[in-house]
Each structure stands twice: as structure tokens, then as C-alpha cells.
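Undergrad: Pasting in a structure now, in C-alpha cells, and then I'll have a few things to ask.
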Amino acid sequence: MSNMQITVIDHPLATARLTKLRDARTNNSGFRAALSDLGAMLIYEASRALEAETFDCITPVGTAVGTRLKNPPIIVPVIRAGLGLVDPALSMIPDAQVGFIGLARNEETHEPVPYLEALPDDLAGQPVFLVDPMLATGGSLVHAINLLTDRGADDITVITVVSAQPGVDRIAELDAPIRLVTTAIDPGLNEDAYIVPGLGDAGDRLYGPRNIDL
Ligand code: PRP
Ligand code: URA
């Protein structure tokens, strides 16, 4: 049985930004702007499950019950495309830490090739927001989740913009209890393992073509 809890954000402001991202006519700067807006909405929704603590907040005229996050999450983008979600995450959660995972899909095998890992050694007890706009075959996020659970992470929320059903199914098979917050679950992948209808190559649409020797 799957341990995964899935939230698909169905809000008119979110779906309008998603449409901008999907639209092939949106250029790099328009794509970055729409991803930044949508990222804030995704983080807002994902943060609903975070624990808050109360304290006395002194107002100019009295004392109110104040709240703050008890244990702010660490934001972990999968580079490159996940970088587009870091600024909106930090603007919503200024106390968050940031870790980095660099992965690039091999265009022939569609398997992720790791090139960077910059994470704390111990992630036990700390909420992790793993952010990547795209969940396609699931290979990249499964690899990233394994890196996190190897460090003791036991509270992982995966945040994506577009998820493909095969990738969702693959993450649902993991033993780790994962939460998924996304704006769309698209039906499938084409022969190049791109999500259909998807939005194309998220990294290229944010930053232009990459050239890494894999
Ligand atoms: C994209 C995307 C995900 C991955 C999803 O990155 O940002 O990390 O593909 O595909 P998967 O679910 O089949 O693994 P890509 O490897 O193209 O690198 P980039 O972000 O540097 O362009
Ligand atoms: N990575 C992307 O950026 N887009 C896809 O459709 C699949 C993987």
C-alpha cells in the first residue's frame, strides 16, 4: 500500500501560472516570473503541514497569541530547474536552510547522472522540501529521496509543478512516507521521456540549453 499523500493545487491563480509555463510562446524571463509566482503558492500549500509554536506577541496595545514555525524546513532544489523554486521558497520561509542536489538526465538512458551533493550530514527530525518543477520518469526524484533518507530524513515533501503519472507511481512505491504537492498530474511521457503535454525542458526554459558532459 502506498504511503504517499498527494495534493494537487486547484486554484485559479495557480492554474493560470501553470498555463503560462506550459505555453510554448512564454520566453525565459516570462517563464522565470511565472515559476516564481507559482513556487510561492506551492510552498504556501506545502507549509500547511508544518508545526507552529505559540508565543506572547506584544502589540502596541496588548498581548496577542503569536505563532512561528517550530522547526523550519530545509529547502533542497534539484539543480538546475529546482533553482527556480528557491527564491520563492525563501521569501515564504525566510528561516529555511538550503541544501543542493545536482542531477542531469542522460538523454539516451533517461537515467539521472549525479554531479553535486551539498547537504547536511544529519536530516533526522527536520522537514525537507525537495523542489523540482518536473517529475517525469521519477528517476531524478527517487535518486534525490534516497540521498535524503540515507541522511536520516524522515519528513519529506516533494514539490513539483508538473508530475507525470508514471513518476508519481514510482515515488508511491518507495518505503519512505512522502508527501507530494503539485499543480498537475499529466498522463504520460513521450519516447524521449518528456511529459506530455507537460511544459518542455524546464531547465532550458528557465536558463537556456545546458551542455554537461555525462
Ligand atoms: C529535469 C527536471 C528533473 C528531471 C525529471 O532535469 O528538472 O530533475 O528532468 O526527469 P525524471 O523524472 O525522468 O528523472 P534535467 O535532468 O533535464 O536537468 P536540468 O534541470 O539541468 O535541465
Ligand atoms: N524534464 C523536463 O524538464 N521536462 C520533462 O518533460 C521531462 C523531464
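Using N, Cα and C of the backbone, Cβ positions are placed for all residues, glycine too.
A TrEMBL annotation is a machine prediction, not a hand-curated record.
Feature table excerpt (TrEMBL):
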type    : residues                                                                                      : note
BINDING : Arg80, Arg105, Asp132, Pro133, Met134, Leu135, Ala136, Thr137, Gly138, Gly139, Ser140, Asp201 : 5-phospho-alpha-D-ribose 1-diphosphate binding site
BINDING : Ile195, Gly200, Asp201, Ala202                                                                : uracil binding site
DOMAIN  : 8-208                                                                                         : domain 'Phosphoribosyltransferase'
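Would you situate these features in the structure and describe their surroundings?
TA: Taking the Cβ of Ala136 (5-phospho-alpha-D-ribose 1-diphosphate binding site) as reference, residues of its chain lying under 8 Å away and at least six apart in sequence are, in sequence order, His110, Ala164, Pro166, Gly167, Leu189, Ala193, Tyr194, Ile195, Gly198.
If you draw a 10 Å sphere around the CB of Asp201 (uracil binding site), it holds 15 other CB atoms from the protein chains shown. When secondary structure is read from DSSP and collapsed to three states, Asp201 (uracil binding site) falls in the coil class.
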Undergrad: With the Cβ atom as the reference point and anything under 6 Å counting, tell me which of the binding-site residues (Asp132, Gly138, Ser140) are near ligand 2.
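TA: Cβ under 6 Å from ligand 2: none.
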Undergrad: What are the sequence-distant neighbours of Ala202 (uracil binding site), meaning same chain, six or more residues apart, C-beta distance under 8 angstroms?
TA: Ala81, Gly84, Pro133, Met134, Val161
Undergrad: Which residue, of the binding-site residues Gly138, Gly200, has its CB surrounded by the fewest other CB atoms within 10 A?
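TA: Result for the binding-site residues Gly138, Gly200: minimum number of other Cβ atoms within 10 Å at Gly200.
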Undergrad: Among Arg80, Met134, the binding-site residues in question, whose Cβ has the most other Cβ atoms within 10 Å in this structure?
TA: Met134
Undergrad: Write out the long-range same-chain contacts of Asp132 (5-phospho-alpha-D-ribose 1-diphosphate binding site), meaning residues 6 or more apart in sequence whose Cβ is under 8 Å from its Cβ.
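TA: Once residues fewer than 6 apart are set aside, Asp132 (5-phospho-alpha-D-ribose 1-diphosphate binding site) is near Pro77, Val78, Ala81, Gly82, Leu85, Ser140, Leu141, Ala144, Val158, Ile159, Thr160.
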